[in-house]
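Trainee: The structure that follows is given in the form of structure tokens.
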């Protein structure tokens, strides 16, 4: 199968065209038009990307295998947890969200629930103390506020 | 003579107790990072950059810390090659060929010690080469005008895939993507907003540190999850070290030859450390394999590629420091570090900031010595740490990386971007698009555009100015050769590298 490269090439071609088109819409800079405006370089890039993506579609390489659907869903879940970590760090605080994130990751990588919880708790505490006390770099303490 | 006195000044900085401490910490961290399969030097340095920032270190201290990490990572790569038969990064591949068989024969400790000595010789000779060559190249580079610089950047991209690169068009796509990301934000010379969509977070552009950590470290996490590699791999047990002066003398010529070859291929654009270790190994095999012992655990087969690999790593610093053009992934990350410390590499660096350059070069010497001293007696500790299964290590590394990113601006938005880049890195790697050109594009984009502008403003909009001097024509032709050669020679070389690996596996 050589579908990966074709699809990706198509997406890149769309990106190249939109990017190039958007660059032509830039306002004329204050002080008048120069030979190289803010749009010149981006337009050159969109042409380059266009060439590359066309080549990919015309001469695609052999596909590498994608993981099965369950694994893809799991990876999406991991992304979700990482995003949730980013969101919760300011509201819930670093210690709890980091402990949960590390524990979750290590559980998904095959550690037992007990061991991964310990890893999570210890990691988040050590990082928190190291950053807040030793390096004097405030990580939000959140609802544990002390 | 001037160089020597500058270098001497550098040593007084590098030998100060504080610098020695940073060199030591860097060396230990670097060895660990290099040793962990899948993490690799580029990753490790990338994760540590934001942390060095948050420590509030001075430019010199952070440079010393991170160059030691860089040097250490090159040492560390060999540990997993020898004990696990898995190279920590691509250049370490050739070390597997004789290192693993040696370990299987119960000579793991000797293989590690031999390779440590060879690494030291490689780095040492190449750093001397750096001292000699860098100032000359820097002086020469002063002749470069904007048109030449523009051509030079193009050359950097064209040769980045290296002579062993697979698909030049994929490198092109990657470079274009990186350069495009670099155009996001307020245009420096005109103040026009580009691709910001009125989002305040995008006004300053996207920080390349976020991209580096996302593309390398986070995507690595996804790959580990996918491969169910959480348990780690079985490693060969370590025996007690029995190394005599005779053994060292036996591998000395191989190491020196490897170091010289490695240095040359490190300096040349597009060759890099992979080719350095490959050439060193094959040349050594041709030169000294009289009894067919190569590939079956010959210590010279460990020494030559290891010296070549480390020689190339130091050699790659020559174009990076003097021209601001990195030749490999790890040097690209080092360039990222310099730019974020407000140090602009290039010929002017040697004139404006000589103390800094020379203390870094001195730190390379010191760091290497520290590494050699650390690596022989302490290799057991590193091996122990290597046996921590990735299922505990990877989440911790991910968290440290995330904290580093968060500490740059204390904003959750940066973390969202980091995850986004992680997904992008995962997809790009699945499609076989290299990640290094993306990073390089983000790093060099602003400079490249600035030079294009200067060149065209000077010539009043005449595009032929880009090809007006002999120097720029020369640079463009090398760039063209860099694009075309891999298409012609690449398949042959790659097949050769594969064959020599396959041959040893059968044996």
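Yeah, the Cβs are placed from backbone N, Cα and C, and that goes for glycine too.
TrEMBL: automatically predicted annotations, no manual curation.
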Trainee: In TrEMBL, which of B:81-97, B:149-165 is labelled transmembrane segment?
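Mentor: Going through B:81-97, B:149-165 one by one, TrEMBL flags B:149-165 as transmembrane segment.
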Trainee: Are there at least 3 C-beta pairs under 8 angstroms linking the transmembrane segment (B:111-137) and the transmembrane segment (B:208-227), leaving out pairs fewer than 6 apart in sequence?
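Mentor: Contact criterion not met.
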Trainee: If we skip the immediate neighbours and take only residues 6+ beyond the ends of the transmembrane segment (B:20-39), which ones have a Cβ under 8 Å from one of its Cβ atoms?
Mentor: 14, 45, 47-48, 57, 61, 64-77, 79-80, 84, 86, 88-89, 217, 220, 223-224, 229, 233, 363, 366-367, 370-371, 374-375, 382, 385-386, 390, 393, 397
